[in-house]
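> From TrEMBL, for reference:
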{"type": "BINDING", "residues": "GLY161, ARG162, SER163", "note": "NADP(+) binding site"}
{"type": "DOMAIN", "residues": "2-116", "note": "domain 'Tetrahydrofolate dehydrogenase/cyclohydrolase catalytic'"}
{"type": "DOMAIN", "residues": "135-273", "note": "domain 'Tetrahydrofolate dehydrogenase/cyclohydrolase NAD(P)-binding'"}
Amino acid sequence: MRGVELAATINSDTASRAESLVAAMGVRPTLATVLVGDDPASVTYVRMKRRRCEQLGLGTRHVGLPAETCTSELVDTISGLSHDAAVHGILLQHPMGAHIDERAAFDAVAPRKDVDGVTSASFAAMALGQPGFASCTPGGIIRLLDHYGVELAGRHAVVVGRSPILGKPMAALLLGRDATVTVCHSRTRDLDAHLAGADLVVAAVGRPRLVHGGALKPGAVVVDAGYNPGNVGDVDFDSAARRASFITPVPGGVGPMTIAVLLAQTVDAAQQQLLVQSAISR
Ligand code: NAP
């Protein structure tokens, strides 16, 4: 399951929706990025996201803060962006440093601007099946599975990893699609026994080649959300591909979908905010 092609289709739709908003309303959908410190990987991720915004005709606003920024300063910055009508979506890059209360910082993002799907409100919406923005990587994975016609209802999905941005929202979205979901983590006993019964495996761990083909049920669908140094995923691709009916590559699988969903949701957010503004002014 290649994300590159599907992401290109989503990006082209995002660009044309952004252009329509500029033409019809004179408003350019704008994503604000907030980065604390100068972790090289985070700097690269933020730069990639901003560059893709520019390629698709979205506006960007960047706020770089020193590594020693405290939680209350960060919350104030994000609250300011939440109240700024010229900003439609907010991306707070993580990790942010151990001294920062990440939950407080994420929850300072107004839910209507939470295009990265990281607030408690967005998580509740995903868990309850209510309208809201999906976490970008799990949301992108669901779009990829739908695009390839993978049936989810009644299938046994095993999600490996339970982080707030990936494993947990992934499990919530799969449950919302009527899959039977098992969530594994670092304290799980006998991971391979769980994998052996899985129709769908989503690996979201950050451990190179943790999931190997020998543990998989023949015909399983395998999604590798992991990204480790050297372009290595959490799945041992060669052995898993011999067992799987569908599998995502690393790179070119899940990664491009994440940014595509982020930008698509930024335009969604702009459209929704403009609708609310025009309803108020009528
Ligand atoms: P994270 O916050 O470090 O969470 C890792 C999860 O894996 C934790 O829940 C941890 O369990 C679990 N885990 C660790 N070792 C394990 C083991 N041996 N067996 C089973 N579970 C184990 O990482 P994350 O932010 O979710 O990211 C996970 C991976 O996805 C990374 O490779 C990251 O680079 C990648 N990622 C990719 C994208 C993308 O766009 N493609 C986006 C985000 C992240 P505990 O909870 O028990 O500690």
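Quick reminder: no glycine exception, Cβ is built from N, Cα and C everywhere.
Please treat TrEMBL annotations as automatic predictions, because they have not gone through curation.
Given the structure is predicted, the values throughout are model-derived calculations rather than measurements.
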> Taking the Cβ of GLY161 (NADP(+) binding site) as the centre, count every other Cβ atom within 10 Å, in any protein chain shown.
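The answer is 24.
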> For a quick check of packing: other C-beta atoms within 10 Å of the C-beta of SER163 (NADP(+) binding site), how many?
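Cβ-Cβ neighbours of SER163 (NADP(+) binding site) within 10 Å number 16.
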> DSSP on the domain 'Tetrahydrofolate dehydrogenase/cyclohydrolase catalytic' (2-116): how many residues come out helix, how many strand, how many coil?
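Once the DSSP states are binned, the domain 'Tetrahydrofolate dehydrogenase/cyclohydrolase catalytic' (2-116) shows 60 helix, 18 strand, 37 coil.
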> Let me check the 10 A CB neighbour count of ARG162 (NADP(+) binding site). How many other CB atoms are there?
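18, counting other Cβ atoms within 10 Å of ARG162 (NADP(+) binding site).
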